[in-house]
Structures are given as C-alpha cells and as structure tokens.
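*Asks:* Below is a structure I'd like to ask you about.
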Amino acid sequence: MAAKDVVFGDSARSKMVEGVNILANAVKVTLGPKGRNVVLERSFGGPTVTKDGVSVAKEIELKDKLQNMGAQMVKEVASKTSDNAGDGTTTATVLAQSIVREGMKYVASGMNPMDLKRGIDKAVAAAVEELKKISKPCTTNKEIAQVGSISANSDTSIGDRIAEAMDKVGKEGVITVEDGKSLADELDVVEGMQFDRGYLSPYFINNPEKQVAVLDNPFVLLHDKKVSNIRDLLPVLEQVAKAGRPLLIIAEDIEGEALATLVVNNIRGILKTVAVKAPGFGDRRKAMLEDIAILTGGQVIAEETGLTLEKATLAELGQAKRIEVGKENTTIIDGAGEAVNIEARVKQVRAQIEEATSDYDREKLQERVAKLAGGVAVIKVGAATEVEMKEKKARVEDALHATRAAVEEGIVAGGGVALIRARTAIAALTGANADQNAGIKIVLRAMEEPLRQIVTNGGEEASVVVAAVAAGTGNYGYNAATGEYVDMVEAGVVDPTKVTRTALQNAASVAGLLLTTDAAVAELPKEDAPMPGGMPGGMGGMGMDM
C-alpha cells in the first residue's frame, strides 16, 4: 500500500477550499442568459465549446491531491443535481461555493463547525418549504416551452420543440434526442408502441416504396420460444386464413422450415403474414411480450401459462388497427387491449420504477410506460458543424430534463428570484445558540449568490440589482437578457421548483461536509525510480566445456 499524507485542521480545509474555488470559478461563468462559454480540450478531435456547467465540472481534475478532493466534492454537487433534476448544476455549484466561503470565515473565527452545519440544515429545510409554497403548477404548453427555453440558455426554438413533443406524446411519453441530418431541428413522432425489431425476411415487404410491411386490422401471435417446425403453427394459420385477416408473429426466433413456409404463403397471397423477433432479452423480453399482449388484448403463448402453439385459438391472439414493420422497427398502432388493463399495467410498471436501483433499469421501465401510455417522440438536432451539434444536443437534453422536472413539481420565478423570496422564511429563524444563528446567516447570504452571478456575467453591478430585487415582492425580478426589472413569470423567465430545491439541498449537504472536515488523507506523489543501467558487456568465451 502506498504511503499517505495526512493533513489536519485549517491546512486541510484551506487546500480543499482552493480546489472548490478553482472548479466553481470555471463553472459559474456559464450562468445566466449572458453566461460565457468554456472551451474543453479533447484528446482526439477538436475542442468542445460549452455553456453547460456539469460538462465543465466533469472535465476538471487538479494536480494537487488535496485541492482535487475539494474540487471532486463540488463536482459531486453538480452531477447529483444533474441526475436528480436534470439542470441547475451551475446554480448548485455557485451555492456550494458561497456556503463554503462564508462558513470558512466563521470556522476560522473559532465557531463550532457542527453547530454551523445544524444552522445551515435548519435554514435549508425552511427555504425548501417556502419554495414549495410559492411554486405554481406547470400545465400549459406555453409554460413548458418557457422552461425549456430558459434551460437551453434562452434558445426559444428548443423550448418550442420540447413543448410540441410533450403535446404529441403526453407528459409520460418518451422523448429522445438524436443527431439530425439537416441544419434545422426536426421532430418525429411515433404513435402507438414501437420496438426495435424488424421483419425476418425482406419478402414480407408489401409497400416497396417505403420498404415496409403494412398489416391492416391484423391478428398478433405472441410466443416466447423459437419456432422452426411449421406443424406447430399450422392450426393457428388455418384459423387466421379462414378469418381472412393478416397475421403478425412475434417469437424468440422463427427459422428454417417455418420461416420458409410463411414467406412462400405470403408471396403466393395465400396468407398475409410477417414474422418478427421478440424485443429485449431474458426477463425484459418476457415483460415486453406481456406489454404487447395487454396492448393488443391477446395472451403470450408460453408453457408457463399452460398454452401451446398447437392448441392456440383466435381468442388468444391480439389485434390492432394497423401494424407497420420496417427493417429495424415494428410499430403497433391502436391495439385492441382494454383501457382498464393497460392502465393497471402502467401502474404496475410505475411501481417498479419507484423500486428500481439502477438508472439503466429505471430508464428502460420509463420507456415501457411511455410505449403503453402514449408514444415516442424523437427530436433531431440540426447544426452546421460537429462541434455545434454536440453543444446543442447537450442543451436540448438539459432542457428536456428541466421540463420534466417542471411538470413534476411546478415552477417558480427564475433568474435567482425564487431564492431571494424564499429568504423571508429564513429571516425569522433562530437556532439553539449563536453558532447555529451564524449557520442560518450563511444560507441567507448564499441565496443571493446565483442572482449576483447572473448579473455579474451580464456586466452589471450585482449589489445594486440584488438590493432592488430584494425590495420588491412576488415575481418581481431582474431579466438579465433584456436588462429590465419585470414580473419574471410573465416574461417567461421561470425555473422548475425541483431544480432550485435540489440545487440548494445538494449544495448545503456537500458544503456542510467540507466545513466539518478536520483531517484529509491523500496519497503521496510517487517518485519514479531511475531506470536501471544497461546489461553489462558480453562475457566472452569462458572456456567452459559443455
């Protein structure tokens, strides 16, 4: 095990605070509508230009071990806020820096760090309650567009695209972001359920122009095993042929004789069928087959449920108004499932989302809810260059997270105004002793900081603006984009309550840990040993008999 350097007290804290300041100073220049850009070096290709706080934070790694520990703790604030609320990373970093800076003054003057932390926690809890009180629900398309625009650094086209997407697929629908092929942003909406499996043979295509197989009013056969013997399928095929309707078969795989027979029947026009592999793998495949069954009003033919292919009847098959099968995707439109059953299934999957531990599982479950409840929208981001595309795509993703947060918990006045208003709940607070009161004061001062930074980045005098905004009431604030004092909500400058709340809570949590740190342990830098000398010269013939 490598030797460690142990540093105590002020020496440890001051070094860590230096790291906090280096990271925060690089991140906070991006805050607000007039925030500046930061250029990030890439080991391959050109540099990335960004105004996204968390992207800047993630790039920072400092040489000094203690400074780096401080920087990493604040990086945690940014990434945690980004994970929970999807935005507010720069605000969280600015708040954390301010709480640490003010707190260090009190710690240096001999106050008890634990009591300071208790005061900070008490103030933050009161501020969060106040934010919830002043929050208003975000329901209209206009409000959703405003939240998206602000989060995307005042880009109204992004906000409008997101609002349009949410309008089409509903609040629960899946909205994904992809690279576009043109200069303009585009929105593609897929109604119904789509999964990423296409036809098993191009001979199933019946619409050569679009290269898709279209089935109108088809039956849907769902099976969880491989099908290779046509005898297994014959009873069902005969019943479907009598009904005179097309058939979509979704199974683990369809191969050999079974696939060949289906293709021949299709070409001859005897029976219109399309065979598709089941989506997903393992347990997720079973769950998705069950989803499709509920959506189409059918049953999965599986041994576990006591059903076999040979004995399957039309009653076990699902139905839909229309199904389109492409090379890579299958879309089921207007399944015949009962609305009550679909709702019950959505509830069940939502309960699993609550219990999910990994982000990946949560994302996949969320996709399943969307496919059952609404549809899928794809925002294709257009830009002139690769660098611009990356930067814009990151902003669209941020804005998307922010709008979801706004729909979830509502909105408050943006531009740092909500935090100024929430200070009223803290002003009357008192702690158990003078040190706790100092902790409350630290938070009071920190809650001005986002507004100060927004104004500073806009090139104005921060103290004057903070005093003017604090003297006002309600949504009265300073719109840095226009340099005017306005009603922030009417002007469309709003923040999701969840973003503001999460930023404050995460900042206070990490800053409190830093203030109560009294020792730091870091690995000593390794000294590289000098290279050993070369091999000695040849030994020559030593006259040894072999």
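Glycine residues also receive a Cβ, built from the backbone N, Cα and C atoms like all the rest.
Sharing the record's features from Swiss-Prot:
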{"type": "BINDING", "residues": "30-33, K51, 87-91, G415, 479-481, D495", "note": "ATP binding site"}
{"type": "COMPBIAS", "residues": "534-546", "note": "compositional bias 'Gly residues'"}
{"type": "REGION", "residues": "526-546", "note": "region 'Disordered'"}
*Asks:* In DSSP terms, helix, strand or coil for T30 (ATP binding site)?
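*Replies:* Once the DSSP labels are grouped into three classes, T30 (ATP binding site) ends up as coil.
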*Asks:* May I ask which residues of the same chain, at least 6 positions away in sequence, place their Cβ under 8 angstroms from the Cβ of D495 (ATP binding site)?
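*Replies:* Set apart from D495 (ATP binding site) by at least 6 residues yet with Cβ under 8 Å, we have G88, V147, I150, A402, I411, V412, A413, G414, A418.
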*Asks:* Just to confirm: which same-chain residues, 6+ apart in sequence, have a Cβ under 8 Å from the Cβ of A480 (ATP binding site)?
*Replies:* G32, P33, K34, G415, I454, V455, N457, G458, E460
*Asks:* Taking the binding-site residues one at a time (G32, G88, G415), which has its Cβ surrounded by the most other Cβ atoms within 10 Å?
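*Replies:* When each Cβ's neighbours within 10 Å are tallied, G88 leads.
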*Asks:* Including all protein chains shown, what's the count of other C-beta atoms within 10 A of the C-beta of T30 (ATP binding site)?
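*Replies:* Cβ-Cβ neighbours of T30 (ATP binding site) within 10 Å number 23.
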*Asks:* Under DSSP, is T90 (ATP binding site) helix, strand or coil?
*Replies:* helix
*Asks:* Are there any residues in the same chain, six or more apart in sequence, whose C-beta is under 8 angstroms from the C-beta of T90 (ATP binding site), and if so which?
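*Replies:* In sequence order, the residues whose Cβ lies under 8 Å from that of T90 (ATP binding site) (at least 6 apart) are V27, K28, T30, L31, G35, G53, A78.
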*Asks:* What is the total of other Cβ atoms whose distance to the Cβ of K51 (ATP binding site) is within 10 Å?
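*Replies:* For K51 (ATP binding site), the 10 Å Cβ neighbour count is 21.
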